[in-house]
Amino acid sequence: MVLEKINQPGDIRKIPHDQLPQLAEEIRQFLIEKLSMTGGHLASNLGVVELTMALHLAFDPAKDRLIWDVGHQSYTHKILTGRKEGFTSLRKLGGMSGFPKRSESSCDVFDTGHSSTSISAGLGIVRARDLAGEKYSVVSIIGDGSATGGMVYEAINNAANLKTNFIIVFNDNGMSISRNVGGLSTYLSDLRTSEGYTDLKKATEDALRQLPIAGDWAVERVRRTKNNLKTILMPGGALLENFGIKYFGPVDGANIDQMVRLFENAKKVDGPVIVHVRTKKGKGFGPAERMPERFHGTGPFDIETGLPKVKKTKADWTDVFSTVMCKEGARVPNLCAVTAAMAEGTGLRRFRGMYPERFFDVGIAEEHAVTFCAGLAVGGMIPVFAVYSSFLQRGFDQMIHDVCLQNLHVVFAIDRAGLVGADGETHQGIFDLSYLSLIPNMTVMAPKNKWELADMFRWAIHKADGPVAIRYPRGSVCDSFQEFRAPVEKGRWEVLYDESDICLLAVGSMVQTALEVRQRLRQNGYSCTIVNCRFVKPLDEETLTRMAGEHKLLVTMEENVHSGGFGSRVLEYLCAIGSCVPTLVCALPDAYIEHGSVDVLKKECCIDAESIYGKVVSRFIGL
Ligand SMILES: Cc1ncc(C[n+]2csc(CCOP(=O)(O)OP(=O)(O)O)c2C)c(N)n1
Ligand SMILES: CC(=O)[C@@H](O)[C@H](O)COP(=O)(O)O
Ligand SMILES: [Mg+2]
C-alpha cells in the first residue's frame, strides 16, 4: 500500500513517480470507504485527488500557502498533510473538521466554509508576504461554482496591478452543488470544449516533443502563443488578460504530470496567474459520477449501491416548505422563488420544475440575491428567497438598505437556522434572530411545527405588507402540537398551557423542548405555562406583560446566541415596563460552535430539555 507511506506533510515527494497513479487510486478508495461510514462531501473530493497531489508535488505545504475555497474539497489535502487517522472521526465533536482549520494543522492556511473567499484571502497573504520580504508561493484553489460569488471579482479586480506571483487554480468540474449557472460557466464550457483549441494543443505538442533538446522549450513557446491567441480569440479570455491576469490551461485534472508542469510555469509569472484545471466531480465512484449533486454532501452510504444507510422516515422542515411553495405557486401567479445555488438544499427543485419562469438561481451570490428580490418586489412580484441562515449573513446590508428601508414585500425562507451539526462553526445558523431583529420593518417568525410553518408562509405571502423572515432548522420537522393551531396574527403569540409558577417563552424548535421541560416540572409538582413565541419581532407585548404579572419565573428559550436574541429583547422590554419578574435566558453562548451531532451540541450548550429543567428548578428554588 503506497498510502501507508503518507504520514506527514511532504511524504508524497518521496513516492516514486511511477507509484503516483496507485497512490491516487488508494486515496480514492480510502475516501469512499471512510465516507461510506461517516458521510461528508464525497463527490467534490473524489474530483480533486490528482489535482491535490499535483499541488503537493509542485508546492511545499510546510512553506507555501494553499487556500481552499469553501474547503469542502480539502480531504486529500488533509490526507497528504498527515491526517489520515482523522477520517474516522470526521465532523464528529472533538474530531477532524470537514473544512480547513488553522487550529488543526499549520498546512491549513486559512479557515474556509463559506464560498468565494479564497482569492481575497490569498491576495492578502501575497501582500503580507511581499511586505515582509518573504519568498513562498500563494495558491488559491477555487471551484467554478464558488467563482460565481461576487467577492471573486472584487478580488480579481484588486489583484490587477499586482506585480508579484499569485497563483489561482480554477477547479472546473462544470458543477456547483447543482449544475453551475451564470455567464462564467457558459464561458468556461466554451473554453473547455473548444475543439479547435484542444486539437491544436495536442497535435502541436506531440510534434514539438519530438524535437531533440528544444522540445519542451518549443512546446512552452507555442503554448504561450496559443494562450495569447486564445485570450484574443476567445472573447471571454481577453477579460482576464485585461485584468493583467495570465491564463494557463485548460489542463486535464487527471494528469498529474501536466498539472505539475503548469504549476511550475505559473510560479515564474510576476503577477497573478490563473491555472484552469478540468476535473470530474465524483470521479472513481459510479453513483457519484452519475449523481454528483446527490453525492455533493452525503450521509453514510452503502458502497455497493450508493444507497443511504439511514433511511429517511420523516419529512424535513425543508420538505414542508417545498410543498407549501409548490401549492402557493399555483395560487399566486406573481410568486417567485430565488436561491443562491442551493435549489436542492432549500427544497426549491420541485418549484423549479413546475414554474421554471418564476424560479431564479443566481449562483453563489446571496448579497446579489437579496437586492435582486428587492427588484422583483418593486416590479410587482412576491419573491421568496430560500437561503441557509449562515449564508444569509452575506446579505445583511442588502436586507437593510435595499429591502427593509423601502419596506418591500420580500419573504426570507431561512433554512438551517439553529445548530446544523456536522458542518461546524461556519455553518451553524445561530445568529439570525439577532441580526434580523435589529432591522427596522423586518418581521421575524419561527414555527413550532409543520402546520405552523405552512400557516406562516401563507400569512407571509398573502397577508404581510413588508419584509418577513421565517426561520426553521435543519432536519426532521416537528409533528407534535397538532391540537394547537391558532391563526397567525402579526405580533400575536400562542399560549399553549396557561398555568402559574413558571412560564416558558419558547421560540420555534424550542417549543418541543419546552414541552419536555414542562413534563419534568409537572412530575415534580411545579405548574408550568408554555407560550409559543412565534413572532420574535414584533414581540407580543400584551401577552408578555400578562405573563410577567402572573408568574414567579419567566424562562426564554431559543436556538440562537444570547446577544441580541429573543431573550435579550424580552429583558429589554421587561426593563422598559419596569417589571422585576425574575427571568432566565436559555440561549446558545456567544461563541462559535464546532462540528458535532446536533443533540450532542445542544447538551454541550445546555439548551437540551434536561439542562434547561435543571437550570429552571435551581433558579426557582433560589427565588
Ligand atoms: C456563501 C456560501 N453559499 C453557499 C454555500 C454552499 N456551497 C457549498 S459548496 C457549493 C458549491 C461549490 O461549487 P464549486 O466551487 O464548483 O465546488 P465543487 O463542489 O464543484 O468542487 C455551495 C453552493 C457556501 N458554502 N457558502
Ligand atoms: C459545503 C457546503 O457549504 C454545503 O455543501 C453544505 O455543507 C450543505 O449543507 P446541508 O448538508 O445542510 O445541505
Ligand atoms: Mg464545481
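In case you wondered, yes, glycine gets a Cβ from its N, Cα and C as well.
Any TrEMBL annotation is an automated prediction that lacks curation.
Because the structure is a prediction, the values reported are computed rather than measured.
Per TrEMBL, the thiamine diphosphate site holds His72, Gly113, His114, Ser115, Gly145, Ser146, Asn173, Phe285; the candidate it also names there, chosen from Glu366, Glu452, Glu483, Glu489, is Glu366. Residues near His114 (thiamine diphosphate binding site) in space but far in sequence (CB under 8 A, at least 6 apart, same chain), listed by position: Val70, Ser390, Phe391, Arg394, Thr426. A simple way to gauge crowding: the CB of Asn173 (thiamine diphosphate binding site) has 24 other CB atoms within 10 angstroms, across all the protein chains here. Neighbour count (other Cβ atoms within 10 Å of the Cβ, all protein chains): 31 for Gly145 (thiamine diphosphate binding site).
Across the structure, Asn173 (thiamine diphosphate binding site) and Asp144 (Mg(2+) binding site) are spaced 7 Å apart at their Cα atoms. By the rule that a residue counts when its Cβ sits under 6 Å from some atom of ligand 3, the binding-site residues His72, Gly145, Asn173 yield Gly145, Asn173.
Residues from the binding-site residues list (His72, Gly145, Asn173, Glu366) with a C-beta closer than 6 Å to any atom of ligand 2: His72. Across the binding-site residues listed here (Asp144, Glu366), the residue whose Cβ sits among the most other Cβ atoms within 10 Å is Glu366. In the three-state DSSP classification, His72 (thiamine diphosphate binding site) falls within coil.
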